[in-house]
Each structure stands twice: as C-alpha cells, then as structure tokens.
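Engineer: Following this message is one structure expressed as structure tokens.
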Amino acid sequence: MAAPQDLDIAVWLALVHLEQYADTFRRHGLATAGAAQHLGHEELRHLGISATGHRKRILRLLRAGSAEGFLDSHLDNTMEPTPSPAPDAQPPKPVPKPRTVFGLSNPATAQRPGLSPIFWDPEVSRNSECTQRSSPLLPSSSEQPSVPNTMEMMPNAIYFGLDLRGRAQAAQDVTPDSSQATVPTPAFRPTTGTVHIMDPGCLYYGVQPVGIPGASDRRDGRGVCQERAEHRQDLETREDAGYASLELPGDSILSLPTQDAETSDDLISPYASFSSTADRPVPLLSGWLDKLSPQGNYVFQRRFVQFNGRSLMYFGSDKDPFPKGVIPLTAIEMTRSSKDNKFQVITGQRVFVFRTESEAQRDLWCSTLQSCLKEQRLLGHPRPPHPPRPLRTGTLELRGHKAKVFAALIPGELALYKSEQAFSLGIGICFIELQGCSVRETKSRSFDLLTPHRCFSFTAESGGARQSWAAALQEAVTETLSDYEVAEKVWSNPANRHCADCRASRPDWAAVNLGVVICKQCAGQHRALGSGISKVQSLKLDTSVWSNEIVQLFIVLGNDRANCFWAGALPPGEGLHPDSAPGPRGEFISRKYKLGLFRKPHPRHPDHSQLLQALCAAMAGPNLLKNMAQLLCVETSEGEEPLSPSALNGSLLSLLPSDSPGVYNEVVVPATYRGFLYCGSISNKAGAPPLRRGRDAPPRLWCVLGAALEMFASESSPEPLSLLQPQDIVCLGVSPPPADPGDLDRFPFSFELILTGGRIQHFATDGADSLEAWISAVGKWFSPLSCHQLLGPGLLRMGRLWLRSPSHAGLAPGLWLSGFGLLRGDHLFLCPAPGPGPPAPEDMVHLRRLQEISVVSAADTPDKKEHLVLVETGRTLYLQGEGRLDFAAWNTAIGGAAGGGGTGLQEQQMSRGDIPIIVDACISFVTQHGLRLEGVYRKGGARARSLRLLAEFRRDARSVKLRPREHFVEDVTDTLKRFFRELDDPVTSARLLPRWREAAELSQKNQRLEKYKEVISCLPRVNRRTLATLIGHLYRVQKCASLNQMCTRNLALLFAPSVFQTDGRGEHEVRVLQELIDGYISVFDIDSDQAAQIDLEVSLITTWKDVQLSQAGDLIMEVYIEQQLPDNCVTLKVSPTLTAEELTNQVLEMRGAASGTDLWVTFEILEHGELERPLHPKEKVLEQALQWCQLPEPCSASLLLRKVSMAHAGCLFTGVRRESPRVGLLRCREEPPRLLGNRFQERFFLVRGRCLLLLKEKKSSKPEREWSLEGAKVYLGIRKKLKPPTLWGFTLILEKMHLCLSCMDEEEMWDWTTSILKAQHDDQQSVVLRRRSSSDLARQKFGTMPLLPIRGDDSGATLLSANQTLRRLHNRRTLSMFFPMKSPQGSVEEQDELEEPVYEEPVYEEVGAFPELTKDTTFSSTWEWSAKSDPSLTSQRSFDQPPLSKASMLGHEERIPDPPPGPPSKSSSQARGSLEEQLLQELNNLILRKGEPASCPESSSQPTSPQAPSPTSLPTPTPSLPTQPPCTSNPPSSQPLT
C-alpha cells in the first residue's frame, strides 16, 4: 500500500480501516502520513492505541510506505563503489546517525531514507531459501544505481546480523548482468576485535564480537536468509505470546511486506484477547539507597530504588506495589557523582540526591543512568515525552498524603503528580494501571479506586466533580477490558457499521442467533426478550464466543441482508431512530423479533416460535454457515435470486486471502495455565476452615493445568505430588474475603474445589489477578463449552447440578435434568451439561427477584436427598447437588446472593413487579392500617425502631412480616422515607434532575405532564416501577384527606427530600411531586378499570372511618341468605367482636326464619362463588371481611347464610373432641406445584393436633410433610381450571401455597372440613344455640388507633360487677328493640356474683376488655327469685335510693320509662318496668353497701315517702364526698356517672 508523504492522516488510516484514530494523531501534531513515519510500538501505545492488532496494522502500513519511499528516492541514483582505505590507515570511529528504530516485534527490513545502500540487498528478498514468491516492489540489482557513500554506518542488530563481508560477490552470483552493476564495499571493516552495537530490544550498550576475515560461512552452516527468518520468527513468537494458537498458513512471507497488508492481520484469532508478557520492563538495576528528603533538613530516608531503563522509581519497601515517586528517563538531564558515595539525578525541576553504601555501587548507578541517557538521545526520542492527551485532569485529595495531588487520567492508567508543574515535566508520584480495577463512590465528595493491591481513597472538590471523576474512571476501566479485534472484522462489512434496529453508528453488540449487529441501547431490549429469542453478545467484551465461523457469517450476511429478512414487511416510517426512548424501542424490537410481525412468511417454518428454536439450534450445532443460510432466506429485490447456501459459502471463500490457506482453521488447544498455589490437604468435612498463614500454612506448590491439574514440589520436580482429573471436580467456589480486615493470618484470595466422594480441597493465591486467572482457567477446564462465555469477574460458584421444574415437564416429565450451574453476582445461570439424564435447557434466574427460597429436607423427598426450592414469578425450580457437601455450598452461596444488604435500588430484593420488597411491604401495611390515621407520614415514629426495621429489611426483606400488633404505622412510614433518602442514587435518578427541573419550569400544565412522562420513560425499569408504585400510594393517601388531613401539598413537601434527595428547599421538586400525585391517572397511563377500583377502595375505607365514630366500631355490611340475590340481602351493623354464630342469629331473627332441624352456617364466598368457606361459630366476622381488601377483586367476596344438615356441621356446635385423629386417602395437588407435582395424586393425610400431616402409608409413623393449620383457611370447592377428579373437594390455603384435596363424596368432604375447623378452634368453648346478640363493649383497636376509655380506668372488682350488670341491662334493652325477650333462667353463677364483696368505688362507663365476661347470664332472674321469696325486701329496696339510669353503648344517657300513677299493676309491661327499676336500685345498694355508716343503722328501716325518679336526675356518689350518708332521702346533684 503506497502512502504519499502529503496524504491526509484520516485517508491514510482509512486504508486499514482505522480512521477513528485520526483525531488522536492530529492532537499530537501528526496531520499527514509523512509525519507518522517515525512511530513505533511504544509511540503508538503512548498515543492511546491500546489494541495490539491496531498497532500492527499501522506499523505494517508504515513499513510498506517506507519501502516504497526508499525505492522512489533511490531508483534514479547510481551506486558507485566506495574507495578502499589504505591498509595502514587508522580506522575511523563509526558514529551512528540519529534515527528512529522499531521495537523487537517490528524489525525494519526496508531501507530508510539516508541509509547506506550496502545494508539493503534486494537479492535477499528474491532468494528462494527465504520466500516462495518475489515481491513486486523490489527491482533487480542491475536496475539500481549506485550512490556515493557519504557516511559509514555502524553494524546494528536491527539488520539481523547480516554478513558485511563479500556482499559484492554475493550480488554478482545472483545478478544476470554482473558486469553492469558494481556493489559497493564498506569503507571500513574491522578485521578482528569488537564493535559496540545498539540492540533496540535492550536499553543499554552491549558488546558483540565481529567475525574475522574469511569467516564467511556461519558456524552451523546456516545462511543469512535462514538466520533472518529464524530471528524474525523468534521476535514474532515473543510478541504474539499472548494469543491463542492458530494454524499458520503454508506461505509465510518473511521478506518485505507485500501490498496485502491484511494477510498477517488474519493470523490474529478474532476471539483472542491479548495479554502482553512484556508490558512491564525488567528492572536493570535495583537496591536499597538513601534518598535526601526534600524538606531541606538534610535527612536521608531509606528507599528501595529501581531503574528499568525507562524511569527511576523509589519505594518505601521492596514489597510495595506502588512507588512513592517516579522520575522518567526523558525528564533526567544528567547524572553526576559527588563525595560520600552520593550521586545526583538532575531534572528541570529539582535535583534528587541518592547515597549508596560503596563507591563501586555509586559508579554502577551513575554509569547505567548515563549510558541510557546517551542511548535515548542517539535514538532521537523527544524530550520531554508526548504522552496521550489526558482524558481528565484536576486536583484531588489522597488519603494518607498530606498535600493535594494533581491527577491525570490517560487511557489505561491514572497518573498522580505533586503539582501541575510536575505533570508538565513528567515527574510523578505513581502510575496506577486501571486493568482489573473498580470504582466505588462513598459518602460526601469521596470515591475509592480499588486495585488488586491497594485501595486509593480520593476526595474531590465538589459532589459534581466526584461524579465526573467516578464516571471517567469507570469508563476508562471498562475500556481496558475491550478488545476491538472482533469488532474491526465485523465492521469490515459497511452495513454492520450501523445498528440493525435504530441505525446508530458503530454498534458493538450483536444478537448471534438473529444475525444482526446492534447498539448498546437495543442490546438491553434484546436481553429482555430472553435467551430463547435473542442471544446477545458483545463484540468487544464477550470475545470468547466469537469463533471464526460466526465472524465469517456476520461479515458476509451484514445488517442489510438480515433486515431484508426480519424487516422485509416493515411499513415506511415505523422504524426506530438512535434517540428513541426505551419504551418504544422495546416494543418495536419485541414486535420485530419476538412476534415476527415485520418479516415475510418463511417457507419451512410458518410458525414463528419454531423458527426461533431452529435459529438457536443452528447456532449450537455444526455447519453453522449452511444452516443459517437456509433459515435466513434473504428476500432480494426483483430480478435477483436469494442468497443460497452455496452462494454464501462462495462469498465467504472469496473474502479469504488467496495466499493464506488455512488461516481460519483453528487448532483446538486445551486450557493451560501454570503458577504457584498454596494447596491445602483434601478433607471430608463440610465447612472446612479456610487456609491460614503461620505454622500450619499449606505448602506452596508449582501447579500446571493441562489435561489434568498437576501439583509439583517445585518448577524442576519431574514427578507430580498429586493430580486432579476434570471428572473429579464437582464444584468450584470462590471463598469470600475475611469478615475482619485485620485478620492478616488468613489468605484473602482463595478458592475451593469440591471433589467426588464428598471431598474438598482449598487453594490460595498471592493476589487478586492470580486468583481470577486461576478461576477462569479451572472453570474452562472442567465445565462445558456453553459456560465459558459466562466466566468473568463476580463469579461465586460453578459446578454440576440437577434441575427439575414443572415448566420443563413436557421435555422430561418426572425426570431430573442434568445441568451445569454458574452463580455470578445475583444471577444463577443454568447450562446444559452431559450426564445420565437429559440435558437441561439454558436458563437464568435473577435471585433477588425470587419470591421464596426454601430447603426440602431429605426426609420429605422420595429420593432421600435435600432439594433447594426457588419460587419465581410463574414457576418453581428444584435444584439438587451431587452430594451433601456441594449442596450445602450451593445453598449458602445462593442464599447469600439472593439477600440484600446494599443501598442501591437495583441491589434490593424484588417482588413480582420488579419493586423492592421493602417498598411493597411498607406501602401495603400503611394502606391497610394507616390511611385513616390523622397526620400519616407527618407524625414521626421512634428513630431506633425505624433504624432497626430498615436494617432487617436490608438484611433479608423476605423474612420481615409487618404485623399491626408488633409494628406501628409511624415507624413504618419513617422506614419508607428513610429508605428512599439513603439510596445511592435517588429513585428519580440524579442524572435526570436537570430534566425534572426543566420540565417543572414549563408554563402549561399539559406540557409539564407530557415532559414528566418523557423523563419517567428514561428511568431504569426498577426505578420506573418503584416510582409508579409510590406515586399511586400517595394518590390513595390524598384521596382520604378528609380522614387523615394529608393533602397533596403536604405529601409533596414530606416526600420531595426523599424522592429527589434534595435538602428540602427545592421548590421545583415539590412542584413536580405534587403534580405527579394529582396527575397520577394520566402520567402513568392508568386505565378506567384501575381508576374505578382505586375509587372503590377509597370509598370503602372512607365508609369504615365514618362508621368507626361509634364506640363499638361497627361496620355496615351486607349478608345474603341462601342465594346472592338482591331480594335475599340483609344490611346490619357488624362490630369487631361479633362472631359468626351471633351474626347468624341476628340475621335469622331479622328475617323471621325458623331453624328447624337444620343448622344455619355463615359462609365466606370468594371468586363469585367458586370457593366457599364455612366460618367457625366463634370466628370474628369483621376480621375476615377486612382481609378482602388484599384480594385482586374485593367485590367478588361476600357473606352468605346457608342451611346445613346437622349430620354435616353438627360437630362444630358441640364441645366434644374427636377421640381418634382424622386420617384417610385423598387426591391432592399443590399450587404452585412442588413436591406433589402438578397432577392430583393419591396420598394419605392425617389431622393431628393443629397440624396436617402427609403420610407415605396409612400406618406410617413419620410423615413426609407437615403443615401447620395456624392461620390456614379451608374452602369448600376447587378451582375449575385445575380440573379436579371429583365434584367434592376442598382447598386449604396456607401462608405460601394452596393445597387442593379431592374427596369421594360430600360426607367425606364435610368430615375433613369440620375436622380442620375443630383442630383450629379446639380451645374454644362449646357454642350455645340461642338467638340473641351477645356483643360486648370490649376495648376495640381499629387500625392503629385504640379506642381508649372515655373516663377513668376499668379495673377493680367493684367496676367489674358494675360493668357486668350494665352489660346485662344493655343486652336486654337492645334485644327488646329487635325481637321479644326469652324467659330468663336462673344460674348459680349469678347467685355467686351477688355474694361477692364490693367496695365503694366510683362507677365508670364500661369500656374495658374482659374476656371472662362474654357469657350471657341473666342477672334479673336472681333478683326476681329474691323478690318472690321476700316481698318486704322488694318494697323496702324500691324506695331506699333513687334508681340509676342505664348507659348506652355510645356513652349518652337513656330515659327510664316512668311508672304509671296509682297502685302497681300486675300486667306484664308494668311488671317488666318495675323489675328494671328494682334491678337498678339493687345495683346502687351493692355499690354503696360498704359505705353505710354505723351511726345510722335505723336508716334502712325508716319509712320514706315514695318518690318517682326524675328522668333527668341520676344519683351518683362522688369520690370527693365519701362521708355523705347514702341512705339520705335527698337525692344528690343530677350528674352523670363519672
């Protein structure tokens, strides 16, 4: 390739497809091709060209241009021989001409301008011993004119030691017309002795012997050309040592490069990743020296100093990986020695003084430095150096360093300098290589750079500067992992330089099974489709999967041909553009590939799902090119024929260089690695302790990984001490770092191998790089090929696994699938693996999105092995290890990876909708228990409880259960706000904060809402869904503002600092949040059905709040009788303590229904009657009804009364317990399917105590499975979609699963149902069959607001008796309002209560919670019996004291009916009124009996005139007047009870 000197640099680089570096060349003053002629490997590396293949292309282009430039400048010149000097003349000292040489890997074989032509022999390149074809650029020697030799050249190793004697004779032997060409001879050739030569591979002067006259033949008989070929082969071998082995082509061109500059580039494997073995130069000189301190106090400090030929570095110790100072050789002006064994290194900024231990050591340092300085100037390297342009510079604070440092970020490394002036001179503190590093942002303005050897903590000048530095470092670290070899080859097809979906330039991702090259944004949407549809790989990172055949496919196919297939029917104007939002982008890609809406019908696969399966199979099978060509039958334009497989193969062959056969024939080489490892002994114990240093430290062995892992005592040992075969490895695990950073005895970098037979062996390395290299090598060594692409940083465990899932039942029903698991980060990858069972399909599990992780013990499994159950949305996976040891390791690793602990939103454990569990749980709790709380989210809870709750959520959110009696609403709201406030990045994204503010500044509200929608679409998926959930919750809160007094403005003020993580003074953020809450329906595209459901829920909550104003907390509910028809509906108040038996009695009395011989039972109806649950008579009805809000359709639930025969449900109303437990054979099925599968199977079940047991046999003593019945609900019926085998069955709903049980007949179904209900309520007393309400006024707790007593306390024996009497009076008064009273019956308990001692205490309204007072006894019957036995007592007690008035449930007074004038009547109504008055009189006497003074015993018999009680007066003794006689005839002041 010819390159004229004045050719523009961009055009010149485009010849090798590297025009992206044109700007880099121009920034360094290289605008034309001629200005770049002096560049070599190191110069290109300093320019920022890190890819080795790119540097090789440019150097080959330079060599080609240099050869042609030499020919152009010398073809017209004549070559005349140089006259020989006199024999006795003193030989002149050769002086080398300053020039630029190439590195070892790029020997300049072409003549450079100004070089003597005697060192360039064109005949050598035509020698048949060196090459099989001649170069068209080389003329014959007869055509070359001679040029006078104006300067003698010194022999140099760069010319491969060419023999300088007899060149003319050699040229005459091979030239057709030797008489016309005279080959010049050197001006001086020493006959014996030595000459000083410069080796470009070394940076010091050396001495090489020169042959004596007559020694034209080599010692081993090899010719010049053969030595040149071997020398070049040795150089290329050293340079390409980091590449995978390839089959070299038969024709190896070892002479001047030809016009085909891409031939040698093809020798690089397209999937190879280069790791240079000579990046770090070997130190030429090192040792301990004393360095003079720069503070001026003349103090020498002990330093370890190294000089590697490029820079002088001094360290604190010989173990430190990073120096304290770096002095580049280019910054040193001179070195000179001084007295006292000291020498000075002089730079333009300061003088460095070092002191050695001896004079000889000082002279060695001085001579070495001075010789390298001379060689540097002879080579013509510029001084000071011209490094690549920094990506970012600035001042930073470094922890552990007193003053600020000046940091410069260049490609591949971060350089630290003391000042900007030191940066300009190149004198730095240290240079940190970014390969293998990571960046971590910490609090405030700080960030950490984590290297394998040390953590550098920096502090920026501001928060914005910290983010900029962290982003730039992260991008630079990512760039170090990139390999452009595959990308350059794929981009050689111009159609692949633009994304196949959105036309973005330079796409660096590809969907390998779809044949398209895509950009990074589209790659994320392709990944969302799943690996079964689109297998996404990176062109720069995932280089291990890019075989030569796949690269050829993409080169030939191209995006244009692929789009002819995938988008052949795409309507114009419906494509994507590079700036498309993620939402429309994902929808378009799903329609294009997942649904195949834009492709034309396929002749062989009309079903799109079959086509996708065939594409995946073609990528994994042989004959990739042929199969893909048949599947992707490309539609061409009219007049053209589609690309056939033969045409495809032909086009592929046409792309291959004709002179390089076999280039793409890869030689499969097994994974090899070698190095030292600390090898522990093989143990059989689970959880063996990690390796530790000290006396019991494991031996450090030399390990070689090839066909087997062999361990030797040393590198020279002939026999291995032990070896491991790949089939012996079950699992590989990376040991976590020590929990205590101060634990220096433990090896921080270690891994373990679990072997067959339950054995384990630990290994340890010296550093993180070595550990990662060993993990990658061993992982590829024993794992299948499908796992190799998944290896990388973050690997925790990999090994063989057994997999079973109901979703794979069609593939292998009832069988375990053989797979290979790989745990990386929080993802578990499952790959097919060879084994006795069928291979498992490729799959991936996001562990943090699991709903449940549990272990089924070996006793509960048929195969007597432990199973790990992973419950995900829509499916359940069962994992089983090879043995106990590896299963325990997998369980621990998966449990740790599935947990939380981070402060990032993506690091949280997720619920079904990709919402953090902590957010979902807190919002659900507040919705259920806090929407009615006044000042919700404004009232703060206890800080300690809130912090403790947040820590529990972060540790394991799945295990946290919020319960009303254990957690307060205020603590939960504080936890939710604190969680959003402490996120690493706010839920609204810090980078989008300017866009939020820009949207808030728009004038029109409609425009602002549309802008909000646009910004929300730019958020990540988790952020977008979490924000939508939070705003929806706040929308419901403000809907209940009439109850909780929290309007939209208040909520926005409270949540803006947490959602946007601002200081709370941002008015724009408050406005944004307020408008998001108000416009929730439109911004988040809520449809009308969802909006109606929200309004229904809010209306129901509001109704509950209105009814709660009554002390009893009653709720108005609808109850149906027999059928759910409007005519059969009864509306009544339901108190929180109303039981199902009491509800039944009230409804039947209201409707006047007769009981007869059948029983009436209250049923809870779900899913419009598909499931029916009989309520136990003692169950609280309101507690069950309040749980309907958690249902997907709350309106589908209701209460229904139905007649049930005494034989079916009679046992529920008796206190008799079953003597023998219920046991029988049932057909069962689990939802979701687990141990029992997804079909109904016959199993024996047993109800024992409060547990349901699953038995293998009827007489089995140990159950296979056990379920607690605490909190379980039993429903009659089974969902129809499950296809139950019989019509009679019931569903048992447990906490995390549903158990469907099918019976043979109705009697068996009722027998099992009542047995379970009896087991759940076996501590309840027997039910009394009566028709009256026994609702008490016990203390209620509705939501989180307990109903406190109105006046005083409710404890004490006196109050107990008073409340008991008031309850009976209230019950009788209430019952008389609904239905006639029954005849009272006396009881012994009531007689005992009258004899209890009472004390003088003030009477309070009944507000206490006394469970022992729930029995319905009639106190009036006792008094009636007493009155009949002693009439005088009746007349006396009737008028001793004014009667007490009765207190109602609401606390207000009720009038007592006035007795009619005249003598008492014997009618029933008059007797009933007189009886109540007598009861009140007796109650008053009971309370005040103890307070009667002893001085007036006659008062009880003193006659008094009868006095009718005033309807408004209420005689009440007060505590302030304890001495007032209670027997006085004058009533006290009219005051209510206090």
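From the backbone N, Cα and C atoms, a Cβ is placed for every residue, glycine too.
Look at Swiss-Prot and you will find 82-97, 1506-1529 tagged as compositional bias 'Pro residues'. The compositional bias 'Basic and acidic residues' annotation in Swiss-Prot covers 216-241. Taken from Swiss-Prot, the feature compositional bias 'Polar residues' covers 1425-1439. Annotation source Swiss-Prot lists compositional bias 'Low complexity' at 1476-1486, 1494-1505. The feature domain 'SAM' is assigned by Swiss-Prot to 4-68. The domain 'Ras-associating' annotation in Swiss-Prot covers 1113-1206. Annotated domain 'PH 5' per Swiss-Prot: 1219-1321, in sequence order. If you look up Swiss-Prot, you'll see Ser1438, Ser1474 marked as phosphoserine, on the strength of similarity to another entry. Annotation source Swiss-Prot lists site 'Arginine finger' at Arg938.
Give me the structural setting of these features: burial, nearby parts and distances.
Structural biologist: Per-residue confidence over the domain 'SAM' (4-68) averages 81 (mean pLDDT, predicted model).
In the domain 'PH 5' (1219-1321), the DSSP tally of helix, strand and coil residues is 18 helix, 41 strand, 44 coil.
Following the DSSP three-state reduction, the secondary structure of Arg938 (site 'Arginine finger') is coil. A C-beta separation below 8 Å, combined with a sequence spacing of at least six in one chain, links Arg938 (site 'Arginine finger') to Met1046, Asn1050, Leu1054.
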Engineer: Work out, from DSSP, the number of helix, strand and coil residues along the domain 'Ras-associating' (1113-1206).
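Structural biologist: Here the numbers are 32 helix, 35 strand, 27 coil.
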Engineer: Under the DSSP assignment, what numbers of helix, strand and coil residues are found in the domain 'SAM' (4-68)?
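Structural biologist: Summed by class, the stretch gives 42 helix, 2 strand, 21 coil.
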